[in-house]
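Feature annotations, courtesy of TrEMBL:
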type	residues	note
DOMAIN	12-421	domain 'TRAP C4-dicarboxylate transport system permease DctM subunit'
TRANSMEM	30-52	transmembrane segment
TRANSMEM	64-81	transmembrane segment
TRANSMEM	101-125	transmembrane segment
TRANSMEM	146-169	transmembrane segment
TRANSMEM	175-200	transmembrane segment
TRANSMEM	220-240	transmembrane segment
TRANSMEM	246-264	transmembrane segment
TRANSMEM	276-298	transmembrane segment
TRANSMEM	318-349	transmembrane segment
TRANSMEM	361-390	transmembrane segment
TRANSMEM	402-426	transmembrane segment
Amino acid sequence: MNEADLVALGGFLALFAMMAARVPVGIAMGLVGVGGFAAIAGWGPALNQLAISPLRTVTDYNTSLIPMFILMGVFATRTGISSELFRAGQSWLGHFRGGLALATISSCAGFAAISGSSVATAATMSKVALPEMKRAGYSDRLATGTIAGGGTLGILIPPSVVLAVYAYLTDQDVGKLFIAGVVPGLLAIVLYMLTVRFGFGRELPRGVRASWADRWRSLAGIWAVALLFIAIIGGIYLGVVTPTEAAAAGAVLTALIGILRGRLGWRAMRECLVESLRTSVSIYVILIGAMLFGYFLAITQTPQKITAWLTALDLGPYPTLALILVFFLLMGCILDAMAMIILLVPIVFPVVQQLGFDPIWFGIIIVMTVELGLITPPIGMNAFVINAIARDVSLLTIFRGVMPFVVVDLLRLVLLVALPGIVLWLPRTMG
């Protein structure tokens, strides 16, 4: 091993040590990036990178959509759209066996389309759907497992903050990534509903059939979600607006909906702005740390060496891809979604390019793999979020309830790896 290899190894060990000590991942990556760069190139160039990286990151046009989508999600949570989504799902699906669980999946999908966050989706739907399912006699395993599984839709169904970060890290078209997430997201909804119906068959209570008048009346409360989805995804697909313009329009429209419904006064507006600012700053800190860490990886040539090593194994494209995905799954047991994407994608992306895989398709596959990490023990961020709200339900019960969704997600991942056209068909037809 030469000096650069030793510095790289020491940097990774230091990074994982700091993360184990609960140092924020952005700070840890930044410290390792600057320190490692300085060890090879000297403190002058390292401090120069430290000076310019924050400005480059926060002024990058491709990252400006992130705070807009976060603000839209915060507004959506405050305006009570989640409750109306659940009521609509309950009206149309509640009479089926397990209808409230099916309604939870559909409302998770609707809320994901305007929040872009799995954790926010799981937390919000825990407050809305869990009490209703418990009152209807649903087991804790079924109720919490459904919410944890449905919550993962927030990371894939556009607009997704994680997809936006992947686009920034790999210099891909974020609009194409959003459109590429539509079909896999719809497939997930269908498979999750089938999982509820056939995976929990004996535990499924039957609900009350709503009248047709109540069903049509329930749709009046969710017109806002349809409007937002059409404005954002339709505008991007047709090429009418850029993703950043769509994000800004979505935030404004969500605020207007909240104001018109009387749920977003000046005080609530200020609280939403502060909350979205805090979340956005935390993501920007991670992105700045990732940029500094990326300079460190570049000067040590770590991605190129990993690419050369994997190529020398001569396993072929798909076995190598399988190794990468298994590695992501294992790391998902100890890292949260954003940390995984920002830390690992810059390392493995050159390998993927060398193997000839489509970067848009790979982005969806990686995000789906990260999805699995959100519900896989021992970390399973969505399970911990639900447990923090439903204190009377143990983590073991939640993980038992979510395992059928883990199996279905693995099958869906295999399907989309085998048939990449399912992912790429829609982005190839974009205007």
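Keep in mind that glycine also has a Cβ here, set from the backbone N, Cα and C atoms.
All TrEMBL annotations are machine predictions without curation.
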### Message
Let me check one thing: do the transmembrane segment (361-390) and the transmembrane segment (276-298) come into contact, meaning three or more Cβ pairs under 8 Å with sequence separation of at least 6?
### Response
no
### Message
Would you say the transmembrane segment (220-240) and the transmembrane segment (246-264) are touching, if the rule is that at least three C-beta pairs must lie under 8 angstroms and be 6 or more residues apart?
### Response
yes
### Query
Ranking 64-81, 175-200, 276-298, 318-349, 402-426 by Cβ pairs under 8 Å to the transmembrane segment (220-240), which is first?
175-200
### Task
For the transmembrane segment (30-52), find every same-chain residue at least 6 residues outside the stretch whose CB is under 8 Å from a CB in it, and list them.
3-4, 7-8, 10-12, 14-15, 18, 23, 285, 288-289, 291-296, 299-300
### Query
Residues of the same chain, at least six outside the transmembrane segment (101-125), with any C-beta under 8 angstroms of its C-beta?
69-70, 72-73, 76-77, 81-82, 85-86, 88-90, 92-94, 133, 138, 142-143, 146-161, 164, 185, 189, 192-193, 196-197, 200, 204, 222, 225, 228-229, 233, 250, 254, 337, 371, 374, 381-382, 385-386, 389
